[in-house]
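Database features, via TrEMBL:
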- 1-20: compositional bias 'Low complexity' (COMPBIAS)
- 1-23: region 'Disordered' (REGION)
- 29-49: transmembrane segment (TRANSMEM)
- 61-82: transmembrane segment (TRANSMEM)
- 94-111: transmembrane segment (TRANSMEM)
- 117-138: transmembrane segment (TRANSMEM)
- 194-212: transmembrane segment (TRANSMEM)
- 243-263: transmembrane segment (TRANSMEM)
- 275-295: transmembrane segment (TRANSMEM)
- 332-355: transmembrane segment (TRANSMEM)
Amino acid sequence: MITETGPRATPADDTAAGTPRTRRRLPRWAVPAAVLVALATLPFSTVTVPGLFEGALNSPATLHLIAFCLVFGGLATSYDLLYGRVGLLSFGHALYFACGAYTAALLMRVLELPLPAAALLSVLAGTLLSLLLGAVALRVNGIALAMVTLAFAQAGSILVSRDPGRLTGGEEGLSLNTAVVPDAFVGVMNTANLYWVAVAYAAFATAAVWWLSSSPVGRVWQGIRANEQRVAVLGVNPYPYKLAAFTVGGGLASLGGVVYLLVTGGVTPTITTAEFTLTLLVMVALGGAGSRWGALLGAGLYTYAEHRLRQVGGDSFAGLPEWIAAPLSQPLFILGTLFVLMVFFFPGGLVALPGRIRSALRDRRTARE
């Protein structure tokens, strides 16, 4: 019988001998859970971040800004369901967002419905609107789809701005009827509660899109985005799957409209325009279309940058020549320039940056060897 007399091999010996060391990976839910916990506990933090936020992290101004970023992050995620997951270019997504906000404001203002009932009916109205408009618009594809949804968006924007029946408030918009809203969501002292509502909305929208994208329906969406004709040849009708994405995206957007109304305390026609949907497209492309965190990250960064640039104003460029100071004093000019540079040099968006950096470092090490 042969016995082992030599020393046992250790993991370090295996690594030295060329055997790859097994890495223990974290569960898929670990990172999202950590991010959610960090966001949820932010109102309890007194940490200050000079240069990024004016006050402490738990100050009303900082929480309101982050809540604003989260609302648009959830909205951009709902748009990414159409554009990034299914490949549908729609310019009418803002219409469902506005439908949720305006319907909730009117129900609480005119009928004096309580917040839960108004929110539920508003989401149902936005979902039904996206279902009806999607049933018509999805009869065409590509640029034709973009033009049809653009027409719907323009019609909705004009309707809200003209204020038929003196319901929408015209250019001034509508304010939130705080009399039917719980006291916990009214006033500067309750900014933390509104912030938690924004966190819940962003988390729900992100989780819903993740879950649907990994389901059998999501795999059909991936096939439609890659090659819709091939999906049809395989015997699957793409139309109901596209309509499902259109409807779910519209429902999530209308829910975001209700949260937006609570956070801002009012609603104006600026959220009804096709330009607003174009802003969502920029957010999604900036973060990375079709990725897990891209839309949320891109929307948060875009919203924060726009807010900070508006705070800076034109006084910071007063010493420059007029032909330079004039465009630099416009936040949209700076954001547009940064977006063009981002798309040109990093076409995969912000979420692709770590992978590109790792690839560059790996290539450099390979070249040295």
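Any Cβ shown, glycine's included, is placed from N, Cα and C.
Contact check: the transmembrane segment (29-49) against the transmembrane segment (332-355) gives fewer than three Cβ pairs closer than 8 Å, residues 6 or more apart, which falls short of the contact criterion. Against the transmembrane segment (243-263), stretch 117-138 shows more Cβ pairs under 8 Å than any other of 61-82, 117-138, 194-212, 275-295. Here the transmembrane segment (332-355) has Cβ contacts under 8 Å with residues 282, 285-289, 291-294, 297-298, 301-302, 305-306, 309 of the same chain, all six or more residues outside its ends. Stretch with the largest number of CB pairs closer than 8 A to the transmembrane segment (61-82), among 117-138, 194-212, 275-295: 194-212.
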